Amino acid sequence: MSNMYPDNRGRFGSFGGKFVPETLMYALEELEQSLEEAQADTDFMEEYKHTLSEYAGRSTPLTYAKRLTEKTGGARIYLKREDLLHTGAHKLNNAIGQALLAKRMGKQKVVAETGAGQHGVATATVCARLGLECKVFMGEEDMRRQALNVFRMELLGAEVVPANSGSKTLKDATNEAIRYWVANVGDTFYLIGSVVGPHPYPKMVRDFQRIIGDETKEQFGQQYGALPDAITACVGGGSNAMGMFYPFLEDDVRLYGAEAAGLGVDTDQHAATITKGTKGIIHGSLTYLMQDENGQIIEPYSISAGLDYPGIGPEHAYLAESGRVMYEGVTDQQALDALSLLTKTEGILPAVESAHALHLAMEKAKEMTSEQSMIICLSGRGDKDVHSIKEAMKKESLSHE
Amino acid sequence: MNRLTVYEAAHNADYPLFIPFIMAGDPTRSATVDLALQLQEAGAHILELGIPYSDPLADGPVLQRSAKRALQQGMSLKSAMDLIPEMRKRGLTIPVVVFTYYNPVFQMGMESFLETANEKGADGVLVPDLPFEESQDFTALAKDYQLANISLVAPTSTTRVHKIASHAEGFLYCVSSLGVTGTREVFPQEAYDFIHTVKEHSAVPVAVGFGISKPEHVQSLSGICSGVIVGSAIMKLVEKHANELAAGEEKKKEALQEIKTFVSTLISS
């Protein structure tokens, strides 16, 4: 049964594990034990749920997309509205859970990595709320591209530290955050933003994100007295997808993961880790990743800063290998077109990450009947992307002239 | 026979083992071979040969930059190990430990890696991101190829020290303080207490690394542990002289001499 994973070695089948320097092993053991205790503590879980509802704005609605359904033709399309969560994306669910755990463990300092800045903003937000000290590592290149989010984090009282190593993006920000953690492991909690990293992170982040799938199941069930036929979510590291999929793994529901295919999976400009990657170790976990034949990690590309990660959560690797979830690539252009369509038909501007899921879901919905249903995890809102969408569309119209 | 076994007996030797680290391919392949021989001549007992990796999690800025330069030379796990026979041919007799992150090993295949390391004349392997719990198969297979799998203990190992130290082979790499590799100004007092604890549990020599860059550091450890590991301080000098080391014989000689002098000072302190 997939619900039994991870096993006591932190493995999902052959994936996962703890491939980290010895300095961190004790901290991971300590975290594993604290997490187990916290999850068994009803007061802790109450506080987590209470914070999600009173502070973050849960539950988020499940919206029927009537005009998009008509336009697409095929299955009825529903949107799980994580875009309406405080700070604008699903990231906050996990940040709240982990920050409460940090506090429970007596750690006053939090360190995090961020790519586009969404996880950084979510972490800075909850740290402000709980009075924790917050340091966020961000690639220097990403800081330039997402200057507004840097300012947002600083407004929230966080210190944003530029990661100058490697290609100066998410992968390197993660390396720097881990290096910082290694040096300050005594009083610092590392708050990872996705279902990646060494055990118990992939499990912990999944458990703090499963609220998405649990709510969806309840909401859809209440309305229709049944399960949906299919669900689609986008996958970078894969936290919104894992949170959405997890409660449905044992059910007869088709699950689709949309990976970033960038300029196309046949070019070298993409982040389609499962479609094109191979098995290996990244950030402490055995999973699929993009690497050369010598095991050197390759920098991925996607228009979406939230999806351009060279690895993927180990549980996704396992679900791909077992065939339970189907993963397909969606290009920049397909995502942008889907984004425009949703904006015009429903008045919802999705994050460019979520637009990847949108495209794949529409493709699948077309092959389904109008009696069937397709739920899309709309993981975040697109306000943060307006500038880059404008640039991309300007480029596109120029190339058509 | 594994050349490290000679030193396993040196558990309580009154002279500390000197274990330098150099990065294969930084700044060039031939400079790496030259450096190995210089280090032996200066009195090194064991050589740690580093394999450059794109994402070296346990390393500070000096070794990150060093790996980047080596990768630009096209260095890989396989081609790095090809340097060992070249070193041996030119007279390197001290044991060589291959230091590599796990992903390149995983890509090459665990057995293929260990077989090659043995064939090329290595004596030990050290994989910093393969902790005790993940290393059972690897250690067993390494033994089949007469290679010692060098283990690490850190100040945070606490309850883990005993199980790691009691299984240690070759020598035990004792991480002096928290954080990544790189030079440090001072050594924390806790380090000494920690080393004592580790020694109680270890049947092989305990060598201390991370942050050792000055004669004072080596002096303060003499009589406390059985060896010192120096990486970043050497690679910092290599970085400073990268152009000379990659240049013609004359200039290279001067740079090698300076590095040798630095290492000799450390060893004799």
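Cβ atoms here come from the backbone N, Cα and C positions, even for glycine.
Listed features, source TrEMBL:
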type    : residues : note
DOMAIN  : A:56-380 : domain 'Tryptophan synthase beta chain-like PALP'
MOD_RES : A:K91    : N6-(pyridoxal phosphate)lysine
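The Cβ of A:K91 (N6-(pyridoxal phosphate)lysine) lies under 8 Å from the Cβ of A:Q118, A:H119, A:V121, A:A122, A:G193, A:S239, A:G380, each on the same chain and at least six residues away in sequence.
In the predicted model, residues of the domain 'Tryptophan synthase beta chain-like PALP' (A:56-380) average a pLDDT of 96. Mapped onto three states, the DSSP output places the residue listed as 'N6-(pyridoxal phosphate)lysine' in helix.
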